[in-house]
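Data block below; observations after.
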Amino acid sequence: MWLKLFFLLLYFLVLFVLARFFEAIVWYETGFFATQLVDPVALSFKKLKTILECRGLGYSGLLEKKDVRELVEKSGDLMEGELYSALKEEEASESVSSTNFSGEMHFYELVEDTKDGIWLVQVIANDRSPLVGKVHWEKMVKKVSRFGIRTGTFNCSSDPRYCRRRGWVRSTLIMSVPQTSTSKGKVMLKEYSGRKIEAEHIFKWITAHAASRIKTIYNSEHLKEEWNKSDQYRVKIYLFANLDQPPAFFSALSVKFTGRVEFIFVNVENWDNKSHMAEIGIYKTPSYILRTPEGIYRYGNNTGEFISLRAMDSFLRSIQPEVNDLFVLSLVLVNLMAWMDLFITQGATIKRFVVLISTLGTYNSLLIISWLPVLGFLQLPYLDSFYEYSLKLFRYSNTTTLASWVRADWMFYSSHPALFLSTYLGHGLLVDYFEKKRRRNNNDEINANNLEWLSSLWDWYTSYLFHPIASFQHFPYESDWDEDPDLFLERLAFPDLWLHPLIPTDYIKSLPMWRFKCLGIHSEEEMLEASQESESDSDSESKDVLSGEKEVSEAERSVSPSEGEPQCNAEICSCANKNCHNEPSERKARSYGSYSTTEDMEPDWSAWPSNMLHCTECVVCLENFENGCLLMGLPCGHVFHQNCIVMWLAGGRHCCPVCRWASYKKKQPYTHHQPLSNDTPS
């Protein structure tokens, strides 16, 4: 996770540097930056109208270029970045979708239940033609969609009863606007009563109703009273301008940020005394002033702060975010980080996508689960101070120059999604290259074969599916149970008549191993003499033993763990009580084989693990333990030759040859008597 987070932060740094590089290229080719002011006098009449349409100001009665230019100047300063965005938006002839309502419930759900947006709905009465023709309606839809106003069509033929109840007996236009200034308040529907059905007149009617929600100040006394008043709104934005009504983008934002930010329009058209404006720091108009408890911020002085809906919306979201904004931001960041797994994971292509899907599901699930308690805590009343301090931190950090650069880059890359995706893909390919090179230097195995990886995935899946106990409980596993209840369930689920599942053999490496030692032999010469005496007594028997050992050694080298079979049958192997610790010493002497008597062949039990049963014979090969041979013990306590028991377990029999206890499960350790060396012979 930390590696993916590092690569994601590195990618954001690359985007930041790349944006500054693009700005340098534009400056080199054109000689200006995006924040540089544009003189409206140098613009054509068409470009001036484009700027007015993007800001939401009507110009239907203005025929002279001088009047249009003055209206642009009264609405705010024009920057090169805003001009470029407006012209690009005008050239992009993308069709904007409009909703077709199917009935009353659909209309209520989208229009009347929406508390933070404006809707424009064309109602078509039964057996009547629409009020606005198709061409004018498409133009109207494109015009109002710039300001976040959604559109739709309601045909009364789909629900005539609802139209009669509403009184829609003729075709008309309906506009829905939030009635109150509180968040999630009531919605009122207004019907268009004008006679002219041109797009300009309808748009003027829409902006007039939207502007009526904004508090308007006409004199300095009212401004002084409002400026010093403290109410529920801790963030206010003022527009000081010489206009009849605020621009449409300003009115649309007032609806969108209902309950969070208060929008105030100060009409200075007929002011003679502007001394109070100078007292509060306003020396020129138009000006967009953000008033917060921390102070005053002049909007438009930093990078990307254009006089447009999109730029101011991004600015206000960073200053006064809501929980949904933070959730969407965290969702985007988490998914971008999860997609890094596609490039960090090495190996088969199918493996990459399987890991990616798993990571996406895991990260999104954890994100949603972690947000649930956060939403619950925010509802608690005694966390209001924490919420206020968090918003204060947002306001301090997002009014800096660095934050304005980040907002400008966000708007740039979001308007060019192809560039954003291509840079993300290029960054991912570089991560994949360096990760592959690093793993090759570390001699890590990279499986690039899809079929081979699918085969290993199937083996893993079947192992966990058919034998979950073996897969999740690795040896050693500490358990407080005297008897493991899973053993009974395992025997019921997997009887011997069924095919045994694939069980990982990694636990074999954790089994205890040690060498068998005798206390009676002190040198190799004495061992050689004892072996020669044994050979002279039973020559034929030793030949059989040596041949058996040779066969076992050859079988161990030639047979692989997946297909090898032990040399002895488990059904005929048994642990004789004569080999255990509590047997009489005379029988122990016979169990040592043909070496010597008990006085010079006493085993060194101190080298044995404390939880192992004391015996001197391997029940797999039915041979006695020789001095110096390598032994291995199972969790049940039984001891065998290391080669014998490894071949037994690798052959697929993951249980003790004696007691059938699972070889991968911990068992309650046995309690032993004192070592045999301290016992007195009977």
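Glycine residues also receive a Cβ, built from the backbone N, Cα and C atoms like all the rest.
Residues or ranges marked as transmembrane segment in TrEMBL: 326-344 (among others). Away from its own ends, the transmembrane segment (326-344) comes close to residues 1, 3-5, 7-8, 11, 352-353, 355-356, 359-360, 363-364, 367, 371, 424, 428-429, 431-432, 435 of its chain (Cβ-Cβ under 8 Å, at least six residues beyond either end).
Per TrEMBL, the feature transmembrane segment maps to 353-378 (among others).
Outside the transmembrane segment (410-431), and at least 6 residues removed from its termini, the chain residues within Cβ reach (under 8 Å) are 7, 10-11, 14-15, 18-19, 22, 85, 88, 304, 310-311, 314, 336, 339-340, 342-344. TrEMBL lists 410-431 (among others) with the feature transmembrane segment.
Annotated region 'Disordered' per TrEMBL: 527-567, in sequence order.
Annotation comment: TrEMBL describes 527-539 as compositional bias 'Acidic residues'.
According to TrEMBL, the compositional bias 'Basic and acidic residues' annotation covers 540-557.
Annotation comment: TrEMBL describes 618-660 as domain 'RING-type'.
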Q.
Please count the residues of the domain 'RING-type' (618-660) that DSSP assigns to helix (H, G, I), strand (E, B) and coil.
A. 9 helix, 11 strand, 23 coil
**Q.** Across the domain 'RING-type' (618-660), average pLDDT on the 0 to 100 scale
**A.** 88
